[in-house]
Amino acid sequence: MTAKLIDGTALSKTLRADVASRAAALAARGRQPGLAVVLVGDNPASEVYVRNKVKACEDNGLYSSYDRYPSTLSEADLLARIDELNRDPKINGILVQLPLPAHIDSHKVIEAIAPDKDVDGFHVANAGALMTGKPLFRPCTPYGIMKMFDAYGIALKGANAVVIGRSNIVGKPMAMLLLDAGATVTICHSKTRDLAAHTREADVVVVATGMRSILTADMVKPGAAVIDVGMNRDDAGKLCGDVDFAGVKEVAGYLTPVPGGVGPMTITMLLVNTIEAAERAARDA
Ligand code: NDP
């Protein structure tokens with residue numbers, strides 16, 4: 001079997017067209033949706049992510065503000081800026097790019113963002129809402145992956161799903177969304193005793209570890225849907241995922257490439273969450 005590739009770039013295009021038309025409708029009522037992006041420090045990877053997010057806003061009719069601070073910014077000053085953004089009616093979504101410098105408590109910063117502007121969905125109020133089946137914002141990466149399952153008609157009800165990775169950003173919310181969709185979910189992590197024993201039983205595998213080639217062809221059930229979240233560099237410096245793409249492609253039923261899979265969907269869902277926030281704010285006004 002050769003897997004059908006899930007094209008995150010093409011699906012993103014369709015979703016972004018919808019974002020652009022909803023943004024235009026809001027703007028026509030004087031309520032252009034706005035995203036505030038905050039970057040502290042000079043981590044080169046973060047700079048690229050932030051630039052892509054700001055550009056995606058500009059390309060799709062969203063207003064964006066971009067605050068760039070040196071790594072010496074104090075926690076108190078960052079919290080004060082978040083407080084301003086919380087009260088700014090032009091801003092519907094606030095994104096503080098992680099990781100933050102060590103002297104700033106990320107947890108405190110995330111909790112300072114108003115839950116109804118927390119477009120990353122990381123605030124405990126939003127994590128709790130997701131856990132109890134009433135999400136306000138779904139974290140962007142897992143949300144984008146759910147859109148992929150939907151677009152490609154991949155059945156989740158009754159499916160065995162394995163999520164490798166248990167971060168608050170990807171693994172845990174992914175598992176919650178799969179559970180909500182009716183899958184039987186197993187979460188694996190670095191302490192899992194026999195990873196392959198779990199993945200071989202899975203109809204759906206989502207890999208989010210940051211470990212190159214952690215999932216190889218012998219670990220995959222023929223026909224399974226495999227979603228590769230990982231973003232790594234291979235020995236030649238080329239972007240690659242967590243899945244042994246060449247091998248797994250011959251066994252899986254569906255597979256996401258890296259690049260061109262989950263990555264573009266993550267940014268797209270940030271736009272979708274910002275539009276949803278703006279539409280809610282317009283309704284409540
Ligand atoms: P974290 O480092 O926070 O979490 C990694 C997880 O992988 C941990 O739960 C860890 O287990 C688990 N893990 C590590 N080694 C193994 C192993 N040998 N076997 C099984 N599990 C293992 O990463 P994130 O969740 O933030 O991100 C994961 C990857 O996804 C990264 O490569 C990141 O760059 C990428 N990413 C991509 C995005 C995109 O848009 N494409 C968005 C977000 C992330 P334990 O908890 O036990 O330590």
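Residue 1 is the first one shown; counting continues down the chain.
Each residue, glycine too, has its Cβ placed from N, Cα and C.
Please treat TrEMBL annotations as automatic predictions, because they have not gone through curation.
Copied over from TrEMBL:
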- Gly165, Arg166, Ser167: NADP(+) binding site (BINDING)
- 6-120: domain 'Tetrahydrofolate dehydrogenase/cyclohydrolase catalytic' (DOMAIN)
- 139-281: domain 'Tetrahydrofolate dehydrogenase/cyclohydrolase NAD(P)-binding' (DOMAIN)
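Taking each Cβ in turn and tallying the other Cβ atoms within 10 Å, the top scorer among the binding-site residues Gly165, Arg166, Ser167 is Gly165. Here the domain 'Tetrahydrofolate dehydrogenase/cyclohydrolase catalytic' (6-120) has a mean pLDDT of 97 out of 100. Report note: the NADP(+) site is defined by Gly165, Arg166, Ser167, and the residues of the same chain whose CB lies within 8 Å of the CB centroid of those residues, excluding them, are Val163, Ile164, Asn168, Ile169, Val170, Gly171, Lys172, Ile187, His189, Ala208, Thr209.
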